[in-house]
Amino acid sequence: MAQPNRYEPQAGFAEQTRNNVPGRSPINARALDDELSGISQSINGIVGNLELIQRDDGSLKDATVHLHALSETVINLMGGFNLRGEWQANTSYAAKDIVDYQGHLFVCMTANQDAAFTPANWHRFGEKGAELHQVLRQVAHMQTQVQEEGRKALQAAAQTLQTAQQVGVYANAAAASEQQAAASAAKAKVSADAAEQSRIRAEAAAANAEGAVNNVNGKLGTKLDTSVFNEFKGKAATKAELEEKVGGLFATQLTENGYLKLPNGLLLQWVRINKTIGAISGNYNFPLAFPNKCFGVFCGNQYNGSGSGYTAAAGVVSNAAFKIVENVLVHVGAGTVAQVFVIAIGH
């Protein structure tokens, strides 16, 4: 609904008494004027307060509740993660999506739409995923309940304003008779009482919301692993901890045949081949199959440790394999062991 009208008394009963206006009833005109003045002040105060928090369409104004008004518990629950329920094949998942897979909770590290669950794209945390998932569902349900309580409180306030507008109509007709004036005053008191009840319900809804969040906080404390729930709460990270956390974003295998995964999905792999000259040509597997595509592969010249060497070419066979082709030079003797180092890039 639009913003309600303010109420201003239209008739001055004391003035009419002084001027001996016809059609008057024998009432205490000054007391009636004082009563209506108090009603006007109360109603206009209510309208002024609602204008600060209500839009013309009846909804709560944007940016009305600021960050400093939220409790620490509520702020800690705002992590930007998305609950997606049970993991489903061939479903598009984005970074920070949370799924329940085989009784464990996983957060998406790399956007994917895999036909089979790929552990490399997910990070598991906690040991009671199914129970935690149920608790998080309860959080979402409680948030819905809090929003519903707020909606009811706003609806009650709107009804109160509608009643206040009706009081203005009654007050304008109060000059006709003392009985109508008394009825207007009674309705104004009912309106004020209703406004007070609306305020009490709104405060109760806020208290229920705070209690719900505190309840969830307690449940999360019992369901989550300490390393997940308390690791970042109220704690300033040391340099060593920061290096450990940042380093944990880069999955690596630091061996002669290894790989390095970057958080954006880029995958760098390397392979070292030690074979005798003349027996190196053939297909080889990458340490880890590229989930999406291998952009390219290249290799260095072979070296047999005695100064003799010759070139070789490398090419992509598939996301899981590459091929080496030897180009033997005249001065290289077959049968000696040579080294070939291969590097591949993909995602």
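Yeah, the Cβs are placed from backbone N, Cα and C, and that goes for glycine too.
The domain 'Chitin-binding type-3' annotation in TrEMBL covers 86-121. As annotated by TrEMBL, domain 'Putative tail fiber protein gp53-like C-terminal' applies to 261-347. For 1-25, the entry in TrEMBL reads region 'Disordered'.
In this model, the domain 'Chitin-binding type-3' (86-121) carries an average pLDDT of 93.
Across the domain 'Chitin-binding type-3' (86-121), DSSP helix (H, G, I), strand (E, B) and coil residues number 3 helix, 13 strand, 20 coil. Residue counts of the region 'Disordered' (1-25) by helix, strand and coil are 7 helix, 0 strand, 18 coil (DSSP-based).
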